[in-house]
Amino acid sequence: MEITNVMEYEKIAKEKLPKMVYDYYASGAEDQWTLQENRNAFSRILFRPRILIDVSKIDVSTTVLGFNISMPIMVAPTAMQKMAHPDGELATARATSAAGTIMTLSSWATCSVEEVASTGPGIRFFQLYVYKDRNVVRQLVKRAEEAGFKAIALTVDTPRLGRRESDIKNRFALPRGLTLKNFEGLDLGKIDKTNDSGLASYVAGQVDQSLSWKDIKWLQSITSLPILVKGVITAEDARIAVEYGAAGIIVSNHGARQLDYVPATIMALEEVVKAVEGRLPVFLDGGVRRGTDVFKALALGASGVFVGRPSLFSLAADGEAGVRKMLQMLRDEFELTMALSGCRSLREISRNHIKTDWDFPHYFPAKL
């Protein structure tokens, strides 16, 4: 079958993957309302395209934290990618590097920071949870720095794991033979290492529920890497993130896997952008499946987007080639959207290029 859009990878992944693995990747928290809303909300933003503009040359390149990348589409951190494909995070790293963009490696990866670095050059960020044992955090950050990673994406919306009922029903466990590679070789104190899933359950249980804003300052004291705060969806928290010296914000609801009935990230984005008043870049993750979604996010003030599940599903479908094609399709669709909207560079994308259901409610059918 000729793949013509990113959504088609999910159908292939569902057929190829064991149910437990597919459900782990695909499902959200509780009623999964936010999971659906992350997608549905994009459909309530319409375009106001400008015409008769010379779009024979279009530049989709940009910079993130001073790094030049080919497009404002980056790869979000997703855990345990070897469940999707034997090459796991290594395939994603190679594909992302080939696309000239940024990969964020999950700290719960099935390949280590050193293994990912060994795939060759590329701009990579490291996603971090803060653990009760700060020595573990120090070790992880130090290894990421030494492996050439360029920023820390600190996940702040996970003091406890959300209730993902598919995982409860499936009794989710890391498949035999796989392990969380970034924790191998760390001083973890006493832990039952006799089975492969022992480490995974231990690590999840070690996330520090007392994490607070003061820990941002502590993290800044142990690393020179810029820190992106991932999981902000309110203006209040955005303003505090600025005060605490965050290098950037990722508007994220954790792929709708944490608290259900929070807004779609695209709905929360503008509130956060307005609150930071241009003092730091704001990125979006959640629900991006089309180049049109990327354009809408940038029109609402995002500096770029991160894609998570599309990376996993394309990886499951066709390994490194799948991830490469997924990124290329998003790039091509985004460039086409720019051309048809009359934009030749990212600087020309503005709020005037879209209308939303909160701007013009009469354009949209009444919601239940």
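Positions of Cβ are set from backbone N, Cα and C atoms, glycine also.
Bear in mind that TrEMBL entries carry predicted annotations, made automatically and left uncurated.
Of all the Cβ atoms in the protein chains shown, 23 others lie within 10 Å of the Cβ of HIS254 (active site, proton acceptor). Taken from TrEMBL, the feature active site, proton acceptor covers HIS254.
Here TrEMBL flags TYR24, TYR129, ARG164, HIS254, ARG257 as glyoxylate binding site.
The Cβ of GLY287 (FMN binding site) lies under 8 Å from the Cβ of ASN38, ARG39, ALA41, PHE42, ALA264, THR265, ILE266, ASP293, each of which sits 6+ residues away along the same chain. Sequence annotations record features per position, and here TrEMBL assigns FMN binding site to 77-79, SER106, GLN127, THR155, LYS230, SER252, 285-289, 308-309.
Residues annotated as domain 'FMN hydroxy acid dehydrogenase' in TrEMBL: 1-359.
For the binding-site residues ARG164, LYS230, ARG289, ARG309, counting C-beta atoms within 10 A of each C-beta gives the highest total at LYS230. Of TYR24, HIS254, ARG257, all annotated as recorded positions, the residue with the shortest Cα distance to PRO77 (FMN binding site) is HIS254. Separation of the C-alpha atoms of ALA79 (FMN binding site) and ARG164 (glyoxylate binding site): 15 Å, rounded to the nearest whole number. Ranked by CA distance from ARG289 (FMN binding site), the binding-site residues TYR24, TYR129, ARG164 have TYR24 at the top as the closest. Of all Cα pairs drawn from TYR24, TYR129, ARG164, HIS254, ARG257, which the record names as binding glyoxylate, the longest spans 19 Å. TYR129 (glyoxylate binding site) has LYS230 as its nearest neighbour among the recorded positions LYS230, HIS254, ARG309, going by CA to CA distance.
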